[in-house]
């Protein structure tokens, strides 16, 4: 009996966390991203490329929230089949989910590069911080990411598995026996979401801080109110960018790297740990 209590109590705690934490994330994430969209659509900010990147990242985050947390809650706790009810929706959900997560990260990378270019003393680098460049890069990055995640539409499949409650249920996972593809998939996700974005964010974040400190040493006439206002607005965007970077890296890099490695080991060796995979996974 004691052993049973020891085993079931953590399981019950995890189950409760798996219910309430996503609800909190959905609530706070929805409010935060909707407010971001409203703010960055204001006329005074729409002319700044960095705002366009932030706006695009917030839109991508909305898709992440509702195609991951909400659909999982509806399936597990409301009994409404979402990705488990249709093979087509299963593939589409994870295609949009993984694409949106990666896009959100890369839009922040573009914002970091933009702030670096905007704060640079080099005129050629400052030309990178233009609306035309922002729209072009958003289109190019979106096309690249959506194209490179097409493999999800091919290799993900609705499959019957044994869940954490020892019941046979449908789940949207990689097709069995695709070990080479599994390694490619994990490597692709680790590279394009877990490693490159945090690395580039850190590099350009540091370079931006260096540029800002250099520019602050320059004397700006107090009577030039328009220039003062522009500098203030740019500094606010830099602070927002640094906050995004400081939030993204510690919350994303350790967890998603561990998840990718864990899933690769589990699936590659065919262990029966699939029933505990769903606790904290999207």
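Counting begins at 1 with the first residue displayed.
Using the three backbone atoms N, Cα and C, a Cβ is placed for every residue, glycine included.
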Study note, to complete from the structure: Of 133-156, 157-180, the range TrEMBL tags as transmembrane segment is 133-156
Review point. TrEMBL lists transmembrane segment for one of the ranges 237-255, 256-274; which is that range?
Key: 237-255
Practice item. Tally Cβ pairs under 8 Å between the transmembrane segment (187-209) and each listed stretch (20-40, 52-74, 94-113, 133-156), then give the stretch with the top tally. Key: 94-113
Study note, to complete from the structure: Within the same chain, the residues 6 or more beyond the ends of the transmembrane segment (52-74) and with Cβ under 8 Å of it are 19, 22-23, 25-26, 29-30, 33-34, 36-37, 40-41, 46, 80, 82-83, 93, 96-97, 100-101, 103-104, 107-108, 110-111, 114, 131, 134-135, 138, 240, 244, 282
